[in-house]
Every structure is written in C-alpha cells, then in structure tokens.
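A.B. asks: This is the structure I have questions about; it appears just below.
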Amino acid sequence: MLKFWRRNKQEPTKPEQEEVRQDTPEIETEAERQEAEPVIEPEPEPELEPEPEPEPEPVLALAEPEPEQPVKKGWLSRLREGLTKSTSKLTDGISGIFTKRKLDDEALEELEELLITADLGPVTAAKVTAELARTRFGKEVSPDEVRRTLAASIAQILEPVAEPLVIDPDAKPHVILVVGVNGAGKTTTIGKMAKQFRTEGKSVIIAAGDTFRAAAVQQLQVWGERSGCPVVSKETGADAAGLAFDALERAKREKADILLIDTAGRLQNKANLMAELQKIIRVIKKMDPETPQSVLLVLDATTGQNAHSQVEVFGEMVNVTGLIVTKLDGSARGGVLVALAEKYGLPVHLIGVGESLEDMRPFEAGSFARSLMGLES
C-alpha cells in the first residue's frame, strides 16, 4: 500500500481544468451568429399612391312629373254635381214609378207626391204633372221621357225670374243692400260678388254693416284683401246706419261703381232687425234718394220650405228686389227654388252650389231645370 501511494504521489498533478487556448476559434451557434451579424432589412417598397377612383358617369336625373293640375270643370258640370242630392232623389223616384208602366192616375199621383217631397211645392207639382198628363196620359212612358218633360215644364216656370243683376253705370255708386238670416251665407256671398265685380273691372267698396258679429267683419276684411276692395268697418256694436252713411259718402267721393252693404240677420228679434234695416235705408236716402238700387235677399236652400217664410218676413221689412239662393249642394231640397219662383215671382240673380268663387254664377233657367232632372243636355 505504501508503494502504491508513493507512485501516485510522484505523478505530476493534472490541473482540474485546462485553460482553454485563447486562439482556439470558438464554434458559434447559429443563434449567436445571427445576433452578431447586423441584420440588413430590405428597404421598404415605396407606397403606391392609390389610383384615383373614376368619376361616376353623370346620371341624368329624371325630371319629376309635375303634379297634375285639377281639371277645371265648367259651370254646368259643377251645377250637376252640386244638385246631385236633389237629382238622385227625383231620378230614383221617377225610375221606380215608371218602369214598364203606363201613365195612369195612380202613377201621376205618385209622381206628384215625389215632387212635393223634393220641395217643389204642391202648386208646382200639380202644374208639371198636369202638363205630363196632357201629352202622355194612357201611354207607356220611360223614366227618361218623364224627366225630359218635367225639365221643360220647370224651365218654363223659371224663365221669367232668371234675371241677371244689372248695375247702373251712372249711379256711382250702385248701392246693393244684402239682407238675410244669419247663416244663410250673406257675408260669403258679398265677398264673392265683390271679387267677380273686380274681375269685370268695376271699383267696389264694402260696408261691414253686421256690426254685432266680429267674425263677419273679419271675414269681409279677408275678402276685401283678396279682391282689392276697401272695407269700411267700425267697432263692434257700432250703429249700422251710421256706418252705411260713411261708406256711401266715401263711395261717392271716390266715384266707386258699386257699394255692397252687409247687414245683421238676427231674425229671432224681428222688431229690432226690422227697425235697423229700415233705419239704414232711411239714412242713406238722405244722401241719395235713389239708394239702395238693389235689395238682395240671400236664402239658404237647405232650409227648404222655411225659405218661403223668410221671403215673406224680409218682404215686410224692406222692398226686396231679388234673390240669391245659396247651398244648393247641401241637401236634396233644390226644388225649393222652383217653388219660390212659382209663388213669389221675384228675380233670381245668382245661385251657389259650393264654397269656391267659381261655384256662384248667374241663374239660368234651362240649365238648372235639366240639371235638377239629371239630364246632360
């Protein structure tokens, strides 16, 4: 054991770790090499400017169709339409009576009752049925034959009262006093008349004589602005006769062609209304004894037989010279105009079948009679 120890002791001792020679090239790993070498990044490609988008081809805008203008209907078309309710009642009734039937006493009686219910009145109904019996009794008649015969008879009754309103060009002004119950359409009628006179080239002044109804005054002022007519007015409750006098004075000073005077229509207080209307006439006559040249009574056709009593009441108050019948489109009572003509014989100057300006026209007997019976011509 000692020998073994000596031998081992004499052997030179090896260093635990040999020094790594400095000049020995080191083996580089791939990762180290990549870190050591500078990375040359490729130059970025120049950004291409976006190509301008092609301008859209102009699209030709389709012209919007112009809104269709309502076709203006002639007066006869509007008259027929306005009388539709009255016409339907009569034509339907006549068709029901005279379908394949001879004209006998029973048929005549039914026809007469139909005409009375359409407000033609018993006298007129008896007169036109008698004319039909004179020419067609005992024969078969069609509804169309009956309607044509009745239209001819009614036209004969109406022709004597179908008179245009004549304006005296020398009066300066021609004074028109407009009367009627509240609600008959006096104020609107005055506005339409003023507009139509202006269209004819006449100068017009309006007197807002219904001083107790502020709405009537305002309505006339609107019509005055539309038609270019001055409106003479005063505070609510002012004396109507004094206002009429002032309006006449102005109309004479300006040499106006026409003076339209609106009035109150409080028929429930008949005595006061009569006194007011008579005072207006008395006061304006002091300035011009010839005035008023016209006193027009406006009647609402929808009142039916009540129109008769209005003619009589206002006839007691003032000297009514003519009638204007409004709202013939409002009910099936258009026949009342025939009854009024037969009974009173007052001139019928104008009729109204609607709200627009064109819906009021001079009364023409033949066209009214044919339209009432539903005939085209």
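Here the Cβ of each residue, glycine as well, is placed from N, Cα and C on the backbone.
Those TrEMBL annotations? Automatic predictions, nothing curated.
According to TrEMBL, the protein has these features:
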REGION    1-72  region 'Disordered'
COMPBIAS  8-36  compositional bias 'Basic and acidic residues'
COMPBIAS  38-56  compositional bias 'Acidic residues'
BINDING   180-187, 262-266, 326-329  GTP binding site
DOMAIN    347-360  domain 'SRP54-type proteins GTP-binding'
A.B. asks: Excluding near sequence neighbours, so keeping only residues 6 or more apart in the same chain, what lies with its CB under 8 A of Arg266 (GTP binding site)?
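C.D. replies: Long-range Cβ contacts: Asn182, Phe212, Asn272, Leu273.
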A.B. asks: I want to check the contact list for Leu328 (GTP binding site): same chain, sequence separation of six or more, C-beta distance under 8 angstroms. What comes out?
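C.D. replies: The list for Leu328 (GTP binding site) reads Gly82, Leu83, Ser86, Ala301, Gly334, Leu337, Ile351, Gly352, Val353, given in order along the sequence.
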A.B. asks: Determine the mean pLDDT over the domain 'SRP54-type proteins GTP-binding' (347-360), rounding to the nearest whole number.
C.D. replies: 89
A.B. asks: At a 10 A cut-off on CB-CB distances, which of the binding-site residues Gly180, Gly183 has the highest count?
C.D. replies: Gly180
A.B. asks: Thr263 (GTP binding site) has how many other Cβ neighbours within 10 Å of its own Cβ?
C.D. replies: 24
A.B. asks: List the residues of the same chain that sit at least 6 positions away from Lys186 (GTP binding site) in sequence and have their Cβ under 8 Å from its Cβ, in sequence order, or write 'none'.
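C.D. replies: Val178, Val179, Gly180, Asp210, Asp262, Thr263, Gly265, Val298 - these are the non-local Cβ neighbours of Lys186 (GTP binding site), listed in sequence order.
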